[in-house]
Amino acid sequence: MVPPLIVVGLRMDFSVVLEPLGFVKVLEWLFAVFAFATCGGFQGETALLVSCEGVVNKTITAAFAYPFRLNTVVFSAPDPKGCGGTWTDVYLMGDFSSSAQFFVTLAALVFLYCVTALVVYVGYYHVYQENNKFPLTDLAISVLTAFLWLLSTFVWAKALADIKVSTGASIIPGIESCKAPGTTCHFLSVTSMGVLNVSVVFGLLNVVLWAGNVWLIYKDTNLHNQWNRISESPTERV
């Protein structure tokens, strides 16, 4: 059963979605989904080619994924005997979970907020326009969201650059087992991180969208009207 308070004042008007304020909110909803999916759904693998006494050209792998706690990811051993006892567990370097989770969590919260905002726009836009507290609240949230998108995107972009280093060819000099007599290691491959690059792009697009959204909402508030009256008053006196 639908609560009576939700039904009171409900006026469904989907034309709001075609207006700039509603259309931008739909784009923000979509881009939040894309940012969440491209970062949170990533799975990759880095591979080395190892040769040691009795074992030639053995491929070892380390699988990593969101939230990118690389320091918990261990390479598979070259052989059951661990290269004659010279091979110890080798882990990737770095924990980038805080940056990745910040970015993905923000995307999830933005998704939920956009759904709520669209419900208000479509069903209660007349209430939204009549009570200036709603646009002001929407404005404050949009300013904060634009800032958080900017912060989380740059933090995530920096973490992504470090992830590429921690899973690339530069990891070999830091593997002590590869320095054992008779053991050689060569970097083989790493999963393409193009989809993670796309997540950064969506983060930047979200910054632009929410910054534009701030202006659209600002025009609907008393703040904009008051500023217009102040700017026009000197002209009227002349």
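Yeah, the Cβs are placed from backbone N, Cα and C, and that goes for glycine too.
Here is what TrEMBL records for this protein:
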DOMAIN    16-222  domain 'MARVEL'
TRANSMEM  102-124  transmembrane segment
TRANSMEM  136-157  transmembrane segment
TRANSMEM  196-218  transmembrane segment
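Among residues of the same chain six or more beyond the transmembrane segment (102-124), those with a C-beta under 8 A of the stretch's C-beta atoms are 9-14, 16-17, 21-22, 25-26, 28-29, 32-33, 35-36, 39-40, 66-67, 134, 138, 141, 145, 148-149, 152-153, 155-156, 199, 203, 206. Summarised as a single figure, the pLDDT of the domain 'MARVEL' (16-222) averages 91.
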